[in-house]
Every structure is written in structure tokens, then in C-alpha cells.
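What Swiss-Prot says about this protein:
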| type | residues | note |
| --- | --- | --- |
| BINDING | 19-26, 81-85, 136-139 | GTP binding site |
| BINDING | 26 | Mg(2+) binding site |
| DOMAIN | 10-206 | domain 'tr-type G' |
| REGION | 19-26 | region 'G1' |
| REGION | 60-64 | region 'G2' |
| REGION | 81-84 | region 'G3' |
| REGION | 136-139 | region 'G4' |
């Protein structure tokens with residue numbers, strides 16, 4: 001059979017299921033693909049196919065993630081589902097699967113559980129912008145008051161972590177009944193309601209190419225008679241010949257103008273997000289720019305040295321440390337293209353961090369780095385990755 005061509009006709013949105021173990025995340029994922037395939041196109045993925053999530057590596061960390069796709073009338077959704085709690089923690093912190101929005105699955109029979117809370121907190125920390133709720137297993141709860149109580153608890157939990165709890169769509173249903181084709185209110189119609197909530201409550205994401213220009217510096221060359229060329233992969237935005245840019249990070253910010261854009265030794269008028277490009281900079285010396293800095297649209301990003309982060313520490317089996325670390329730990333933090341030493345401070349009451357833990361920490365870097373909240377980094381010791389983190393709050 002010929003391979004189906006990827007149709008780019010509908011806008012593309014990345015989502016995923018989060019929530020406590022055994023509350024029905026994978027069953028709901030299967031139901032979304034089944035009903036999506038029947039109504040709007042796409043292909044049904046059965047529970048077992050999703051549950052056997054393949055392992056993949058992100059920033060040196062092995063994560064099991066299932067990727068499925070489904071359609072709504074107006075969008076194409078790429079959806080991630082993880083088998084285990086640890087996979088969620090790793091996935092969200094490394095940004096292996098960026099989510100424009102999440103579907104929080106909570107069992108109506110059990111109500112919010114520890115991982116329900118932890119996944120909401122993680123979503124806040126790593127910058128998942130929107131959450132829609134599916135109260136699953138509604139067929140196991142006969143008491144309408146009990147359902148209302150669980151819904152209230154979930155709304156309070158969302159509000160506690162700065163999500164709009166009162167305005168969040170909460171759909172009652174049974175993923176299992178929907179998979180069986182049940183047409184009652186909590187069966188197939190509940191899944192259609194959920195898809196509608198995704199369409200309306202999760203805004204279309206800004207494409208990388210529409211965001212302000214940013215390119216991490218990978219290499220710097222001096223070309224006699226032409227000047228200095230900086231190479232890297234454009235992370236976001238568009239750069240045109242004649243644009244003014246800033247060089248940010250490590251040292252004082254400098255301004256310059258791009259006088260040439262080249263790709264594969266060809267001169268172009270512009271480069272855009274995703275391109276590996278070389279930019280020729282006016283009046284810039286070879287020694288003015290170094291790996292670890294970024295070129296960006298003036299004023300769009302600032303250098304910082306102190307921030308809060310959410311970090312996952314690799315277990316011994318994953319090639320991480322064999323021993324815990326303590327306050328004052330000074331590893332290398334790898335941002336974009338370079339390592340920078342940072343001092344680690346732990347929250348009050350946390351004495352040490354064990355391999356396999358995830359923890360909130362405060363980091364002070366010895367040199368400033370261009371950063372926004374949501375920037376991912378690796379923690380390294382002597383070139384090997386021992387952890388992964390995400391900037392959750394900039395302090396200074």
C-alpha cells in the first residue's frame with residue numbers, strides 16, 4: 001500500500017494525556033483515534049498498540065512515549081501518551097513532546113490523586129499553556145452529587161496552580177464505553193464534546209517562523225575580505241539581509257547588522273526557523289562572538305544568571321549519578337550550544353536529591369545566558385548528562 005501523504009491542509013496542534021496511573025489515559029487516547037477516524041479521518045489505534053509505547057531518547061534520557069494522530073473538523077492533532085509516571089516527568093521536563101495543551105484524565109470514581117496534582121504542577125512549571133479535563137469512568141458513579149464534588153476538587157486543584165479552574169472545560173464520560181461504540185451521553189458523544197473543547201479552548205499555537213528571530217551560535221568563522229560569519233540552526237523567526245540584530249549572552253549585549261545570509265554555500269535573501277544558516281555580520285570581529293551566545297531580534301530576549309528550574313535527575317540505570325547531590329552542587333549546565341557552570345540551591349527542607357528524583361531548584365550561573373521561561377537545559381558532569389531541566393521562573 002502506498003504511504004499516505006501528510007496533508008498540511010489543517011492547522012497542526014500538539015496535545016497529550018496527563019493524569020494519575022489507571023485513570024484511563026490510554027483508553028481515552030484509543031477512543032479519540034477511533035472516533036476521530038470514524039468522523040473526521042485518520043486511523044484508529046487500539047489500546048494495545050498505544051500501550052506498547054516505543055522507547056526514544058531525548059537529551060540522553062530514555063523515555064517511552066506513544067505518538068498518535070487524529071483529526072477534528074478544523075484541526076490535525078498530534079497526541080502523546082506515556083505508559084508510566086516517570087515517563088511523564090521526563091517527557092515534560094525535557095520537552096521531548098512539546099504540548100500546546102493537555103487533556104487531564106481524572107477518574108470520577110477516585111477523584112484527584114497524587115499524580116493528578118503532580119502532573120498539573122509539572123504542566124505549570126514546564127509551561128503547558130492550557131488544560132482541558134476529561135472526568136473518566138463516569139459509568140461507575142451513579143450519584144450526580146459525587147460527580148459534582150469531584151469536578152469541584154479538580155477545578156480547585158487547577159486554580160491552585162494558576163490555571164483558570166472556573167473556566168476550564170470539564171467533560172464527563174467513559175472512554176471504555178466510547179471505545180465500545182456506546183451512544184449514550186457518556187459514550188461517543190462525550191468524546192465528540194472533548195474534541196470540541198480542544199478545538200475551542202486550546203488556541204492555535206504561534207508557529208516558530210512567526211516568532212521573533214533567534215539563532216544560537218554554533219560556530220564563528222572569519223572570512224578574509226568579507227568579515228565574520230556565524231553559523232547555527234535558526235530556532236525561530238525570519239532573518240533578512242539588512243536586519244539589525246543583537247548578540248546576547250556570556251558578555252555585554254552587542255548590536256550589529258546582518259549583511260548576508262547563506263545556506264549550503266548559496267547566498268539567500270532570508271533564512272527562517274529550521275534552516276541551518278550562516279549569517280555575515282557587519283563590523284563584527286571573530287573574537288566578538290562565541291558559541292553559547294544567541295543572535296536575536298533586538299530586545300526580544302535578555303541575558304540572565306539566576307532562575308528557578310524543574311529538574312529530573314537521571315537514575316543510575318540511565319547512566320546518571322550513583323550518589324545523591326546536596327546544596328552547593330556545581331555542575332555544568334548545557335544551554336543550547338554550550339556548558340556554563342552553575343551553583344545549585346535546593347528548596348527549604350530538601351537536604352539532598354537522589355538519582356531518579358525530580359526536584360525544583362534555584363540555579364546561579366557564573367555567566368549570563370539568553371533565556372526565556374520554558375528554556376530546556378541538560379545538567380552535565382565531565383561531558384555526560386546527569387539530569388535535564390527547564391527554566392520555570394527567571395529571578396534575575
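Glycine is treated like the rest: Cβ placed from N, Cα and C.
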Chain residues in Cβ proximity to the region 'G2' (60-64) (below 8 Å; excluding those fewer than six residues from its ends, i.e. six or more beyond): 53-54, 82-84, 87, 90-91, 94, 96, 312, 314, 318-319, 378, 384-385, 388
Integer Cα-Cα distance in angstrom, residue 19 (GTP binding site) to the residue listed as 'Mg(2+) binding site': 10
If you measure from the CA of the residue listed as 'Mg(2+) binding site' out to 10 Å, which binding-site residues from the list 82, 85, 138 are inside that radius? 82
Which three-state DSSP class does residue 85 (GTP binding site) fall into? helix
